[in-house]
């Protein structure tokens, strides 16, 4: 009898179904942790590797199988539990207190479900055979957090965990820290919650995280990547190696190699340097930050320049000894804010620049003032243009004037070296096939540290006046940097004039509209016009007139980003007669403004003439055809447009175009230049139109409205990068030549 009871007790202690269920739960927990680890490492990548997708599919399918197995075992355990309950009731039915035993059993099971959750319950009573278990899952309590920039996340409410620790992972992914933000229970930010608050004590379902005013961070969802050749010493921010030809974001200035594209952060978020400097100045307003006060002299103690320092100190002491002593006492009483090394790195040394940049002109000007012969060149900067051997100086103004003169000489020297850096030798450029020709030159695809576009100008033998005008305009073009402007990379002056620009992977707007007949949506059409107006507004802010804006000079990338090319260069776009400019119109006929056709003024090109050409481009987009298609005689078009007798037919504009967009195009092509708006109000109107169009609003954290499942075969036929290793793959390798 005792042996039978012992075997029954062992069978009650060891349940094979419960043991199997426990093992399945452990394997499912490990599988879920593997999936979370894979997602944390590869889910943020725009193009995850194929091995990650395969492993993710295998783990998810395995997880589904384990969940099905767990459900099956739980059903079997429940059925076995019911059978044991029925047998238990029959066994104790003869006893008078069996009803009380049944009630106690049910109460103990309910307590076991609450306290143990998914685990097996312990023994429920002292009676043998009363041990049985139920498996239930306790629901998780989540707290929704609204993050800055219209993003949100959810965290599990666990007692004992601080609020900053619960949100730390979400903040780090967005390059934020708790010091930059504050938490409140309302959207207005009235009820502030401390970061060290226990998350289990919060009695709200959602919280709001917003940035503090002293740390404004402009965040963009999408980077504006631009290919660039860096002529200065630049390092990749992904691998920290030297970067020569690569990419950078025009918004956050993140620079990287092509092979380091997977290290680019998901959010375009520039570092708030201006706010950081403002915060430093606000904390200590008396800090001079290296700027000397009025009547004080600046001392730079550098061991390598001790000789120049001795020369400058001797000259200044002989000319003005009392002010130097007072300033010295002032410096002894108040220590400097910034060390000498930091000052020498942040700004140029005035004494060193004066020594290095003393030219013959300054020496001649000093000799003309009947000064005694100088024993050493380093004493030039200490003497003033209005001082004499017998005069005394009351302040250090003459020294500042000599510093200004030396800075001018330094700027002239830097401008000369910078001009030489932008000049490209014709032997360095590998000319490829001819792409096209226009009214001012011919465009070739070429290779110069990467694919570039070379436009040889029609000015074959430039005169000195033409060459000087060309250099002046190149000096203006090399300062243009904008996301809607083709990047100017350099120029060639010998044997013929040519400019080197960024190569645009795409086709022109003219080809899209009139050759391929691409049907743009209305919001896409307005966005193209907005980008063109934005680029032209930037050029006009730089005092650059395009002179030949047309759909052939507007290029579209695959993502419909706009690049404006062939801007500026009035030297090449002007007819020359010997050493003088000829008074003849240049450009394309259909996009010429009436005042340009008439040529009644010496220089009829203005900002309004570019606005007229922009109006014709907008008419092409709206009507999907060229203006004046019913007239084949060019002279007739020139005469009628110049007299104001011919205007584009606005009845051919697409029917779904809003009236405001039609009025905008009509205002741009008005006959009188003063009646045409400039690009700044045009840009504002186009942005308002694009903002008021009905569209599907989507969250900033999920920019893609529909997420397509990536397949494994999408990663099998990726094109190889255009690097110098694959040099034989260039199309122009067989027909190489020089300018």
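Keep in mind that glycine also has a Cβ here, set from the backbone N, Cα and C atoms.
For the residues 154, 346, 406, the entry in Swiss-Prot flags phosphoserine at a single position: 346. The feature region 'Disordered', as given by Swiss-Prot for the ranges 371-410, 411-450, 451-490, sits at 371-410. Feature annotation (Swiss-Prot): of 249-300, 301-352, 509-560, the stretch labelled region 'Disordered' is 301-352. Summarised by DSSP class, the composition of the zinc finger (222-268) is 3 helix, 22 strand, 22 coil.
DSSP assigns residue 441 (ATP binding site) to a strand in the three-state reduction. Here the Cα atom of residue 257 (Zn(2+) 2 binding site) is found 28 Å from that of residue 435 (ATP binding site). On the backbone, the CA of residue 239 (Zn(2+) 2 binding site) and the CA of residue 249 (Zn(2+) 1 binding site) stand 16 Å apart.
When the binding-site residues 249, 252, 260, 268, 435 are compared by the number of other C-beta atoms lying within 10 angstroms of their own C-beta, 435 comes out lowest.
Each of the recorded positions 236, 239, 257, 443, 548 was ranked by the number of other C-beta atoms within 10 Å, and first place falls to 548. Within the model, the zinc finger (222-268) shows a mean pLDDT value of 88, rounded to a whole number. Summary of the Zn(2+) 2 site environment: with the site residues 236, 239, 257, 260 set aside, the chain residues having Cβ atoms within 8 Å of the Cβ mean position are 237, 238, 240, 241, 243, 246, 256, 259, 263. Counting only the Cα atoms, the space from residue 268 (Zn(2+) 1 binding site) to residue 443 (ATP binding site) is about 34 angstrom.
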